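Here's the structure we're looking at; comments come further down.
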């Protein structure tokens, strides 16, 4: 992908709070199902913001860091999803979202970020991302010392 969009921890917190505001009133939700692994951090932040104590995971494997591959459902809660928020960090091609809709037709599917190919599958999201953009999530990055410019020229 030719473009990158970097999300800092502060930005992720802000985006998740914005997403949480759209899910009010909180007492309408039985719980949160976070899609592992990308939805784990946003799911935890939403659980905190909404005061939701019941958090479970849906484990679907479709990426090896930056390469999409065949989708495998590793763990899935029972039911049709009624009363649950399914939380993702990103909807990209929409393949995972389509699978989630098939598995849980009555759940509310939300994500922090959405690309054009998948955003119509979501009930809510907060950040539009161009299709040709790779997202660097804060949990995939590390802070590092940067040499001052004047020292690089010696």
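From the backbone N, Cα and C atoms, a Cβ is placed for every residue, glycine too.
Over in Swiss-Prot, the protein carries these features:
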{"type": "BINDING", "residues": "37, 38, 69, 88, 89, 90, 91, 92, 93, 94, 95, 96", "note": "5-phospho-alpha-D-ribose 1-diphosphate binding site"}
{"type": "BINDING", "residues": "69, 92, 93, 94, 95, 96, 134, 135", "note": "GMP binding site"}
{"type": "BINDING", "residues": "89", "note": "Mg(2+) binding site"}
{"type": "BINDING", "residues": "92, 135", "note": "xanthine binding site"}
{"type": "BINDING", "residues": "92, 135", "note": "guanine binding site"}
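This view paints the features noted in Swiss-Prot onto the structure.
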residue: 37; record: 5-phospho-alpha-D-ribose 1-diphosphate binding site; DSSP (3 states): coil
residue: 89; record: 5-phospho-alpha-D-ribose 1-diphosphate binding site; DSSP (3 states): strand
residue: 94; record: GMP binding site; DSSP (3 states): coil
residue: 134; record: GMP binding site; DSSP (3 states): strand
- Item | Those binding-site residues listed as 93, 96, and which of them has the most Cβ atoms within 10 Å of its own Cβ | 96
- Message: If I take the alpha carbons of residue 91 (5-phospho-alpha-D-ribose 1-diphosphate binding site) and residue 135 (GMP binding site), what is the distance between them in whole Å?
- Response: 11
- Message: Between the Cα atoms of residue 94 (GMP binding site) and residue 37 (5-phospho-alpha-D-ribose 1-diphosphate binding site), what distance do you get, rounded to the nearest Å?
- Response: 16
- Least surrounded, by Cβ count within 10 Å, of the binding-site residues 89, 92, 95 is 95
- Item | Cβ contacts of residue 37 (5-phospho-alpha-D-ribose 1-diphosphate binding site) (under 8 Å, same chain, 6 or more positions away) | none
- Message: Please list, in sequence order, the residues in the chain of residue 135 (GMP binding site) that are at least six apart in sequence and whose C-beta is under 8 Å away from its C-beta.
- Response: 4, 5, 6, 7, 89, 90, 113, 129
- Message: If you count other C-beta atoms within 10 angstroms, which of the binding-site residues 91, 94, 134 is the most crowded?
- Response: 91
